[in-house]
């Protein structure tokens, strides 16, 4: 609560003033006025039956006064209070004045006069030592805005109008936070920030500014399918310390992504009215320099900021986004290991996330990203100060996405839950698809994305202490391809000493999709599909691919898959490979850079060559393969393809040749019985694909680490089907079950989960338990340490018994309760144990 410190009026007086203001209004003599119409924030709510536009406005107006400091402080305190009161009044007007159909026509003249006055004000010199911020808050009740049923496609299908400032000098700018929608179909955003950052839309991207409004202040829902938002910046060459405000205005473009978000008949695009009060507070806070903080890294200084928890807890954390950990891998560096970022002078801004690496957005079906993408984000509750150094455990998150899409940005991976448990959270980008995993001989050895992760972990080792983290207490954790990456790091000699604990969620290097063939053939197909007609030699092909536009490589990547790939359960064209080559003289294993791995994971486990002293936690969700339901909906013919060629579901690491038909019949009989592959057997197919694509590899990995390692191994099954299930919400799945990726909603604050959950709800309890167990593991190497008296965790998580990994595989079932059990999905796993023992000689 804000209050006037010089007068000592405190919180009680503030509350009383707030109540009085709500009852009697705001006198004209005060510096706060409620405008019937100003620049506005449009709330476009497209409901299931109609699209109703509601509008409230929020204008931030900066002006000069010559009052003394005490009067100014009192006035500022009153402004904060009156601003909140005005917000309440504005929301009340929205709720109760829908029936108002007539507006005093003089308002239009007043609006024009106000705009003219604002324009005149813009060119007045700014007196920064004696200025205040006036909040003008009001509602527009124009017939053509309230109760209108304009379709969202109509709003955005017209030519947009761009407004910009004519000067970037020190001015007293009218700073407006607005989303304007009108019958002229202009839809634009004007956002001021101290750092001259704007909200903008670039090709295929809709970009909110986290400096003013956090991502969760806007919601985009398409039939329960969520779009991906990312941050980019337009920065003016202005020294922020010399100005108070700079006003920017950028028009929304008619982009594929925005049209996708708004054109669906069940879509909802809104700035939540219930969050309006927090928006105002964020606007005010964004101009305060005491929210900024500078940290010195080994390469130079970075400026982050303090922000409040979005998850409801008191306090907040320090956020440092978009810190470069590697130089842009472009030109001749494409397809090679990245180099560390060079030192810099001055202070780099770290308030906004950097570019994501080029990839295809699998939700919106659009392409995005930039090769200059090797950025890291750091979130910490406390920073070192003087002799104080918190030395918190560090958790480094590796995002999933099949090695082909995704990023470490906070849209999906908000830090609030984890950081509140006194750990330092690090997220990062790594190269994806052909840019991250193409292989074409010693000069493009593959695994570039995994080597990016190594480079990022070295950055953490060298710099995390400056952010309050302990470089000797680092946990790497990831989901799906990120989980497989974690296991790869456990196998790679390059990762030795860079982390001390590891967590894999729903992924393993032993899953059929996690490893590919080291072959130049796929690179040659990629070049040919992009128009290459030169000689069939590696050097020329590689030169062609290095010159090709990055996004063209990403777009063409799926075209390199062959029918044999699909028959071997390989649906991802560019994934990690075993490095090792022959040069023209026939010499084996020629390396131009240090290899990440030189033998398969199976071979490494047979030789017991992995980092044995690292505690490991791994597990799965009960219905992982629900992930594929959306694909089957879009391509129902895939079911018929599987029905006609069931042999494609025989695991490629099962040593069968001429016996494939028999093995496929056994698999079919066990899972489907007499059913055909089709809609009536979806549940059975989900069970089969969950086992084949995820659980089998996860279980075998846990067994190998437990039996041959020297540290405890913990296994879990996540079976709680609740409202925070991440992927089910993103994909709009209504089926019961816990989908691949759902557990992440209980570890990270997802930007668009604006759910008002009861603090006593089961979702909150499961979330609290998950976060506590994961952070306990990062702190102690044990998710339920006995020396901690914790009412949340009443069940002790037993590690896998290394002497009994085949018959009694311990795991924690995370559902409404925490329950220790043995042998997950017992009958299904007994079937696969038999198959691997019969055809491979052992089930490890």
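Numbers here mean position along the shown chain, with the first residue as 1.
Yeah, the Cβs are placed from backbone N, Cα and C, and that goes for glycine too.
Curation does not apply to TrEMBL; its annotations are automatic.
Your range for region 'Disordered', going by TrEMBL and the list 107-131, 132-156, 157-181, 182-206, is 107-131. Looking at the stretches 56-79, 80-103, 224-247, the one that TrEMBL records under the feature transmembrane segment is 80-103. Among the ranges 7-26, 27-46, the one that TrEMBL lists as transmembrane segment is 7-26. The average pLDDT computed for the domain 'Carboxylesterase type B' (293-832) is 92.
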